[in-house]
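Copied from TrEMBL, the annotated features are:
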type    : residues                               : note
BINDING : 122, 123, 124, 125, 126, 127, 128, 129 : ATP binding site
DOMAIN  : 6-76                                   : domain 'MIP18 family-like'
REGION  : 86-107                                 : region 'Disordered'
Ligand SMILES: Nc1ncnc2c1ncn2[C@@H]1O[C@H](COP(=O)(O)OP(=O)(O)OP(=O)(O)O)[C@@H](O)[C@H]1O
């Protein structure tokens, strides 16, 4: 017998809120219920000042749902909403009830953040993080306020790519201030765990980390938040694609057939959770000899463009395989920031324009007001 949201809410009728004695189920605070086989994940909306008082409720909710037949694992998070929890959460909860047979429910947005996009790849090592970092800087050169969330739990690379050291500070309650580099706000799981810590985090832990980085970071006002996803198309990535309120996904691939096969899986994954695909980028597309300017299509370039056509998704552009891209990435100075007039930087800026166009009006920079 499979579990339903109604089963979860029934179990939560037995959990009472300390102040009012009202049941948690009736309080309208339960949101983002996700059921994946025997795994159940959901959030309890709180006011930031209630964190300590609501911790026993969170634990009670975990054990109430954990006692349901068929439940193997429960993860419950407290999430602080800027709006008053009851009314807002109630509305969200209504919005989260899936229509029978309809598309999967959409998670709630992040206050102040207009659009969230994922940069994803079907497999590791195709240059997803390098693309995400340079795309983020390129979007900011177009006049947008941009943040970067590095959710690549298995290999966080944003601290290195942006040359950021140190730890984020707590700004209030459980809320962390993001780090900053090149005018971007940056948060990475790499700031929160030691580089030596083995990355044995799996499944729901990945989700709880991303939820925290998404909702308990003082992002402020952003036009675009670029999320560097973990590579691959497994359970963790699928759940993440479902948990983050994504406006769209950019898929990065190299031109080789094998990488393209994985990219196809990436496209299928986002389609499954009804996230629009903004398009496919071909990274390490071609090589231009720095000595003589001769162009070599090392991996039979053009594969991604054909694949995009085949899949019916936009082709967003080609990024060359270039030593300066690797060197600046390794040195913590993304090429779009350190050498913005180079041909390599221009390739990322062209990509950013495509992404901005695909996202539509919501990411347009605010007009500059000139007083004469
Ligand atoms: N266009 C490019 N030209 C030259 N080197 C590149 C390019 N894109 C990425 N690289 C290099 O390739 C390596 C892998 O890139 P990156 O870490 O961005 O890949 P990834 O797909 O995010 O990997 P993982 O999935 O393991 O996190 C890095 O050393 C990076 O500097």
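Think of each number as a place in line: the chain as shown, counted from 1.
Just so you know, glycine gets a Cβ as well, placed from its N, Cα and C.
Just so you know, TrEMBL annotations never went through curation; they're auto-generated.
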Listed in sequence order, the binding-site residues from 122, 123, 128 whose CB sits under 6 Å from ligand 1 are 128
Listed in sequence order, the residues of the same chain lying six or more positions from residue 122 (ATP binding site) whose CB sits under 8 Å from its CB are 231, 232, 233, 251, 253, 259, 261, 262, 263, 264, 265, 266
Binding-site residues considered: 124, 125, 127; fewest surrounding Cβ atoms within 10 Å belongs to 125
For residue 125 (ATP binding site), the three-state DSSP class is coil
Taking DSSP helix as H, G and I and strand as E and B, the domain 'MIP18 family-like' (6-76) has 26 helix, 21 strand, 24 coil
Going by C-beta under 8 A and a gap of 6 or more residues, the same-chain neighbours of residue 128 (ATP binding site) are 119, 120, 121, 152, 228, 229, 231, 252, 283
A correct count of other C-beta atoms within 10 Å of the C-beta of residue 123 (ATP binding site) gives 18
CB contacts under 8 angstroms to residue 126 (ATP binding site), restricted to the same chain and 6+ apart in sequence, sorted by sequence, are 231, 252, 253, 254, 259, 283, 284
